[in-house]
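S.K.: Quick one: this structure, given as structure tokens, is what I'll be asking you about.
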Amino acid sequence: MTCALCRAASCTRTSSTHAAGGQPQGVRPGATPQRPFGRLDESAEKNGCMRIKLLGDCYYCVSGMSDQSPRHADNSVLTGLAMIDIIRSVREKRNVNVDMRIGIHTGNAFGGLLGLRKWQFDIWSKDATIASHMEQGGVPGQVHITQATRDQLQDDCYDIQPGEGHLRDSYLQDQEIKTYLIKPFPPKIENENLLDTPDRDRRNNNSNNNSVRFQRQSSTQSNARANISKLQKRQSSHDLIPMSRRGAIGYSLHQYRKMVSQVNKIMENTIDKMALSKKRVRIRLFILSHLNPQWFSNVGIQPLLLTFREFSNELPYLNEPDPLFKHYLMCMLIIFLGITVIHVLIWSSTLEFWITYGFVLLFITAACVFAWIGYIWLFLKEDENDIALDSSALRISRMVWKTTALRVIIWLAISSMILFCSIVGLNECLDSSFFRPPKPANNTQSNLTLDSEDADDLSCAYPWYYTLCAALAMTTTSVFLRIHFLLKLVVNGSSLAIFWYIIDVRGEELFRQQAAKLADWEEFDLPADRSHCYYLLFVLLILHVVDRQVEYVCRLDYLMKVKLKAEQEEARNMELINKILLHNILPPHVSRFYLNRQLEEDSMRVEPYHEEHCAVAVLFASIPSFADFYYEDGQNEEGLRCIQLLNEIICDFDL
């Protein structure tokens, strides 16, 4: 790996001048160093370098640590040359006395975090110390490198001259380190721009023809700055803003909003792929059903029985509460009242009729009352302080729509009762002594009429009333959306089997009469009794397809909710982690500034937080003898044990 330290020479003095009142008009305090350092971040990122930290006006970055690029030395040199040009452009535009002094060294280092608070990634080693002294012994406007760095350079086109760093720094002289200076010169780029992505470095490993080659030109240095400036302006400043400069929490929550919208889009797209989707029904009229994703689904739902591929989701799904259960009961009550009206108008009322229908009506009404009592009580109550009754009423309502077994029992009981009520009175029609076939009439608009003595036998004369009421009763089973579609199929299939038995075995004479035919079925030339059975079978198939569609949508919605819940938990964990990191890195009032920032897109382009203080106390603490204590050999794992001791000392300071 290669370490690069870049210091803006004279920057501290310039900032002091601005603070004293000599800042140029229109420049905020801190704006002069901030914007160049922001461009330095972009330059380092484009050249495969990772910024370690800022030490005042010193920019500390490394290459070859995170991406393990073999061109780490070239990356650091390219970054240094680009930084020199950036600082010089700032100096010319703002007319400030600023230049860049850069020191680079190649070697080994440890990277990690020290202490308990205010974490910051840092590197430690003897080679890192050498890089620091290379910067101190450098020359403004040039890149100062060691012999180790020069040996790792893969391009031989740099303007390299003897550096004589030992004359400017005593540590370099004591370590007998030979140094060199690289002067900036106008580059000629054959393939890619100077500030290319780190992917270019990986491509260079496969072919040397793709590497960036530099050639000396006779043009002036101002032309070089113009060329690099044009290259740097190819991308917008907002696209180049690194994540570290944006609000971490704001960005995470912004991504969460996008995640929620993506879940909704996935839900819509999956529903559109269903068999009966409005967008696909015309296209799929001539396509085989096996092409349908509902029957051959890969979204986590078994295609035949519509069970979850992950069986662990099955029981939680079945035990989910159904807040709409009370509305289903109201719909069933309305349908039952319709069947009752039909029977009252068509069939002569008897004691058997009133007992049967009265009991079923009472049962359905009681179920509706228990399901709605909590909401009715809250609507009608006058005493706002009667908390005990409120809790009791709501507890009864919640028990109905939260208990799966109770819901299934209520549904099964009511469905069976309504199916039974639909054929009440059929036994009397099946009695041959009671049944009298209707007499034909001369009316051309009707196939037959009934005389006065047949007025009470309309239901027996027209058995389709029983069939249609049975179809209406079968429809009530599909009103409950959260009841399993196979249970609905079993109930409706059983009722169809019973009705088929009555028609085929006991009601042959009744259902084969001419009045039992329906005009819509005459073109099929079917027996009168079979038309009743086929009609109910057709109703059963339609209801089953609808129930299957509803079941698929409900299960798909559950999977989306499970996925969204997991992503919400991940987003909350990420928010907590970001909050912990911010509080450990930044002062509390600064972290609150970023945490409370608006989540709009434009808010992420706000300048980083800065403040100015007229009187502050600064404390620096160091361990002067630690440099003598630190050494790298096999006994202390190349300096790792020394770093561990330093970490213990800093942790004691943090406590």
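Numbers here mean position along the shown chain, with the first residue as 1.
Even glycines carry a Cβ here, placed using N, Cα and C.
Remember, predicted model here, so these are calculated numbers, not experimental data.
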S.K.: Tell me which range among 15-40, 431-456 TrEMBL lists as region 'Disordered'.
M.R.: 15-40
S.K.: Express the predicted model's confidence over the domain 'Guanylate cyclase' (37-135) as a mean pLDDT, rounded to an integer.
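M.R.: Taking every residue of the domain 'Guanylate cyclase' (37-135) together, the mean pLDDT is 85.
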S.K.: By a Cβ-Cβ criterion of under 8 Å, what residues six or more beyond either terminus of the transmembrane segment (464-481) are in contact with it?
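M.R.: Beyond its ends, the transmembrane segment (464-481) has Cβ neighbours at 324-325, 328, 331-332, 335-336, 338-339, 342-343, 346-347, 407, 411, 414-415, 418-419, 421-423, 426, 458, 488, 491-492, 495-496, 499, 516, 518, 532, 535-536, 539-540, 543, 546-547, 550, 554.
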S.K.: Which sequence-distant residues neighbour the transmembrane segment (405-426)? Criterion: at least 6 residues beyond either end, Cβ under 8 Å.
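M.R.: Cβ under 8 Å, 6 or more out: 322, 325, 328-329, 332, 335-336, 339-340, 343, 347, 350, 352-353, 356-357, 359-360, 363-364, 367, 399, 459, 466, 469-470, 472-474, 476-477, 480, 482-483, 487, 491, 495, 499, 502, 507.
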S.K.: Could you put numbers on the helix, strand and coil content of the domain 'Guanylate cyclase' (37-135), residue by residue per DSSP?
M.R.: 43 helix, 27 strand, 29 coil
S.K.: Counting only residues 6+ away from its ends, which parts of the chain sit with a Cβ under 8 Å from the transmembrane segment (328-348)?
M.R.: 357, 360-361, 364-365, 367-368, 371, 410-411, 414, 418, 421-422, 424-425, 456-459, 462, 465, 469, 472-473, 475-476, 479-481
